[in-house]
Amino acid sequence: MAFTKMLKNFESSRLLEIGFWRFLPVFALLVTITDGLNSEGQLLLELKNGFRDEYNYLWNWKSTDETPCGWTGVSCSSYYKPVVWSVDLSKMNLSGTVDPSIGGLTHLKFLDLSYNRFSGSIPKEIGNCSFLVFLYLNNNQFSGPIPGELGRLSYLSSLNICNNKISGSFPEELGNLSSLEEFVAYTNNLTGPLPRSIGNLRKLRIFRAGQNAFSGSLPAEISGCQSLQMLGLAQNHIGGELPKELGMLGSMTDLVLWENELSGFIPKELGNCTSLETLA
């Protein structure tokens, strides 16, 4: 009799235990639905963990919110399920490093971290933000190379990395940026020759990369940049003769190459650049 009663008690407690463990995932899901911050918000909080926010500009980035759409510097789409499409943290006196979690914001179209004091390398994971159109990292203290992974950003129209401490060569992969219209990289420590792949940038209008340490000669393939208006490469170590193919750039208004190591003659084909206003 006692044994039978004990067995029944054991079975009851066992059923309760099984019920608890079965209910636990449902309970966790309910908590996630009602109280949890969505995945993009969690990624942004990871990003913030790498920042030093001296003036507490990001005070309202809170894990208790359901989405990050009301946070300072964050804008979302107007879809039924909104996604983060813009992060603008420009001029907030932020410092620290940019966490690789930025690559998880796969709907991002606009990223502006300019005029802060960010250091460390540019995370290669930005190359996962495949819809990115505008990327502004200028006026910081970024160092290390330009990640070749940025070449995966087929929608990227404007890339500004000027006034940093970025070093290394110009990646061949950037020649894959078929939508690129503006590239600004002056005042860094970039070295080596410009790659021939630059000629693939058919939509490129502005290329400004003065005050670096580029060497070698200007590649003849630059003639492929048929939309080019401004070519600024002053204060580098570019040598050799100017390629006659520059004469094929009929839209060019400004050619700025002073303080380099050029030699030879100015090619007569430059006379075909009938839109040219400044030759320095």
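Backbone N, Cα and C define each Cβ position, glycine as well.
Model, not experiment: these values are computed from the prediction.
Features reported for this protein in TrEMBL:
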DOMAIN    37-77  domain 'Leucine-rich repeat-containing N-terminal plant-type'
DOMAIN    101-208  domain 'Disease resistance R13L4/SHOC-2-like LRR'
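If you average pLDDT over the domain 'Leucine-rich repeat-containing N-terminal plant-type' (37-77) in this model, you get 97. The DSSP breakdown of the domain 'Leucine-rich repeat-containing N-terminal plant-type' (37-77) into helical (H, G, I), extended (E, B) and coil residues amounts to 11 helix, 6 strand, 24 coil. The DSSP breakdown of the domain 'Disease resistance R13L4/SHOC-2-like LRR' (101-208), given as helix, strand and coil counts, is 24 helix, 33 strand, 51 coil.
Note on the domain 'Leucine-rich repeat-containing N-terminal plant-type' (37-77): residues 83-89, 92-99, 101-102, 104-105, 107, 110 of its chain, located 6 or more positions outside it, place their CB under 8 angstroms from a CB of the stretch.
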